[in-house]
Amino acid sequence: MMNTWRTLTAAAVLCGSVVLAAEPVTKKELETASENLKQVGLAFHAHADEHDSRPADDIADKDGRLLLSWRVALLPYLGEEKLYKQFKLDEPWDGPNNKKLIEKMPKVYAPARGKAKAGETFYQRFVGKDTIWTEKGSLKWAQIGDGLSNTALVVEAANPVTWSQPIDQTFNEKLPLPGLGGSFDGDFHVLMGDGSVYLFKKGGDPGEMKKVIMPNDGQPVNTDRLIKK
């Protein structure tokens with residue numbers, strides 16, 4: 001009898017956890033994530049207007065060592081000038097001063113849904129030789145041959161990162177896509193270069209997704225294979 005009770009209790013706990021994990025995505029959560037990314041898009045363009053038409057890159061020292069994320073570089077264009085001034089731009093993200101600012105992550109970077117610790121975000125760029133952000137730095141808007149409306153700036157990655165840490169999704173056309181979709185049960189939002197935001201579906205065509213990432217592949221994108229309807 002005791003074993004039966006334990007079995008039933010374990011089953012109830014298991015069922016409870018399954019119910020919690022399967023809570024449906026709400027319209028408000030989707031709208032919040034979309035609006036946040038639109039604000040990030042506006043900040044990218046405001047930054048580029050003042051920096052030779054180049055979208056924000058990570059903050060580095062004179063030797064090229066990455067110190068702080070592009071998410072910090074965008075702060076003045078997100079209405080967060082006060083927070084930006086608290087950072088020491090010549091100190092790493094986890095240095096004595098800057099580490100204390102992790103907990104002050106702006107709401108615009110906060111997940112609308114998904115498991116993340118305080119100070120973590122799912123919003124990441126793609127970096128690599130076949131992206132907007134190469135080893136030589138970011139391309140100018142005019143150097144994006146496929147057009148801003150066809151090229152991704154930021155996505156919701158599968159795993160969150162500390163928002164001020166200079167870490168993103170490394171992309172290589174010849175390798176499988178990095179993990180995507182940690183907030184919305186595999187679906188994920190994508191901020192395009194023109195500031196538009198789309199919800200891409202889990203299991204979308206990886207070949208089409210690679211076209212969205214690459215700024216100069218010259219291939220048309222079939223969005224029907226990506227956008228969640």
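Backbone N, Cα and C atoms are what each Cβ position is placed from, and that goes for glycine too.
No curator has checked TrEMBL annotations; they are predicted automatically.
Pulled from TrEMBL, these are the features on record:
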- 34-106: domain 'DUF1559' (DOMAIN)
- 1-21: signal peptide (SIGNAL)
For this session: Sort the residues of the domain 'DUF1559' (34-106) into helix, strand and coil with DSSP and give the three counts.
Result: 37 helix, 5 strand, 31 coil
Seminar exercise, completed: For the domain 'DUF1559' (34-106), the averaged pLDDT of the predicted model is 98
